[in-house]
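Structure, as structure tokens:
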Amino acid sequence: MTVTYTARVANARFCSFSKLLLAWKGSIYRLLYKEFLAFFALYAAISFTYRFFLDDDQKRYFEKLAIYCNHYSSLIPMSFVLDQPYGLSMNLRLLPGFYVTLVVNRWWSQYTSIPLPDRLMCVLSGGLQGSDERGRLLRRTMMRYASLSALLILRSVSTAVFKRFPTMDHVVEAGFMSREERKKFEGLHSPYNKYWIPCVWFTNLAAVARCEGRIKDDHTLKLLLEELNAFRGKCSMLFHYDMISVPLVYTQVVTLAVYSFFLVCLIGRQFLDPTQGYPGHDLDLYVPIFTLLQFFFYAGWLKVAEQLINPFGEDDDDFETNWLIDRNFQVSMMAVDEMYGDLPMMERDRYWNDSNPRPPYTAATLFDLRKPSFQGSTFDMAIPKEEMHFQPLEDIAENLEESASRHPNMALFNRLLNAAPSPSGLMGGALRRTSAQLQRLRHSPSIDQCTSDDDDDESCKLGKGGSLPLGLGQETQSTVCSFREEKSCRTPLLDIQFRVEKSDEEGQEKAESTTANAQVMSQLPPPPRASPQPVSRFTIAPHHPSAFLFNPAAHSSLEHCSSQPVINRDKAAPAVLNAPFGGSKTSFLAVPPHNEPQRFRSVSMGSELTGS
């Protein structure tokens, strides 16, 4: 019978588990005491012979043999029994063994595969209608067929059940099968186990009940057959567990490893004469305490595997299969017969008018009532009072828009604008360094590209979703545009002009600056190519977004926006017009083209683009 000690260790107190060490039934002492006594007797016999019956030469030879055995005993692969999980050292040999873990998992899986009729009997009691004798006969017969199928499979795998029902006559006499059913059962010739035949009888009766209208619909019939198939599947699993065991070679090598190790220890762990000065043999204790403990642990693990590898035997911790047969048969018959249609009278419960029903407590459990109800992990969290106020949605949206538009490269671009070269020093190479830094900005993943729209004055503007942050100065917004011609021709380097405006209110000064730009541009020397050069005008205002002006003669359309000029292969002499910065005057920069292949570059500018 299975040894149950759960109630004895319900509360973990001082020495609560130590009481279990004194138990005998189902203990390791009962399993191992014979092997332990045999090992100790052999060790004592060898030790007694070494001390009293061998001469000096024989003792020296035995001592060399003992040292040799002790040295090479570690080569025996004890890791078959004691595993090394997660790369731990082999010195940690008191960990659960892989073989034992495999056997324990298999042991529990076999118990969960024992067929229980509880779900089947509930579906059968509610699905097959009829309180007359015919309905009662159908329910009881179908439930008896299910119990018969479980009995046949348990009789095939359990020695305890087979001893109880050694022949089919015992099964008939016990009431699980009638004589007519036995004739049909034995008349069906099959070389395989026929535990499944009662399940087929069950399905045939279910079909008859459906035809008679006792099973109201096909859904109920389907549910009933699904539960029967689950029941039959567990019977099949028990059969396969019995047929497919742990591979014999694995069991053999584990057993040989353990017993050969301790056979070597009988000689290698002997206490030798301390006067000989052998390393590690300074003491002569006669009794090998740690060797006996090692045998107890190693052989104990092996005994655990031997007991659990077949839980359908008659060991102390094997399954109570006969008790399961009795319980399942009695409960299933009661559920489908006596309890069919048997309902207690419905009445109002004692908490009918109570909106907060609370069952009573005894004096022994009153302390549970004093415990506060658990409300959640954050129920007692403290938050500063100033952080509890709701914020207006407008402020939240503005903060989110500002944080979303912030770009990590804007600080670099601000430094580039602050360090913009003067017209006099532009030929010293400052523009080339600036262009190289701006080239790196093109590869930024957060820069949006937009397609030009001819209906909107060929302008390219960034929306809220893909805008760059406030970058150029403190109040400007960043916009990036790249452009190219529809044709695959080479475009010379753009003439870049910077115009500084004081405010939007000075409209007249803006118009004059635009006129001056046009006049100066007409004075610039033409580039060395037949096609016209596109001219970009960069207007940067200290307090307002500046305009990004393009020459309409250079491009008829914009595919996508980028402030990087397209470089021409033809070299041209630089043309620089010196004009002072300051006031409402305008300074112009003419950037020479370079002999490079055409490619796109991007410049992040602190302005909103408008094409003119």
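Heads up, the Cβ atoms here are built off N, Cα and C, so glycines get one too.
Predicted automatically and left uncurated, TrEMBL annotations should be read as such.
Taken from TrEMBL, the feature transmembrane segment covers 36-54 (among others). Nonlocal intrachain contacts for the transmembrane segment (36-54), taken as residues 6+ away from its ends with a CB within less than 8 angstroms of a stretch CB, comprise 62, 262, 266-267, 269-271, 286, 288, 291-292, 295-296, 299.
Long-range contacts of the transmembrane segment (142-162) within its own chain (CB-CB distance under 8 A, at least 6 residues past either end) are made by residues 114-115, 117, 120-121, 124, 128, 171, 176-177, 193-199, 201-202, 205-206, 228, 231-232, 235, 238-239, 241-242, 312-314, 318-319, 321-322, 324-325, 328-329, 332-333, 335-336. Taken from TrEMBL, the feature transmembrane segment applies to 142-162 (among others).
Counting same-chain residues at least six beyond the ends of the transmembrane segment (249-271), those with a Cβ under 8 angstroms from any Cβ of the stretch are 39, 42-43, 46-47, 50, 65-73, 76-78, 80-81, 99, 281, 283-286, 288, 291, 294-295, 298-299, 302, 305, 309. Residues or ranges marked as transmembrane segment by TrEMBL: 249-271 (among others).
TrEMBL lists 283-301 (among others) with the feature transmembrane segment.
Annotation comment: TrEMBL describes 440-471 (among others) as region 'Disordered'.
TrEMBL lists 502-535 (among others) with the feature region 'Disordered'.
According to TrEMBL, the compositional bias 'Polar residues' annotation covers 513-522.
Annotation source TrEMBL lists region 'Disordered' at 584-612 (among others).
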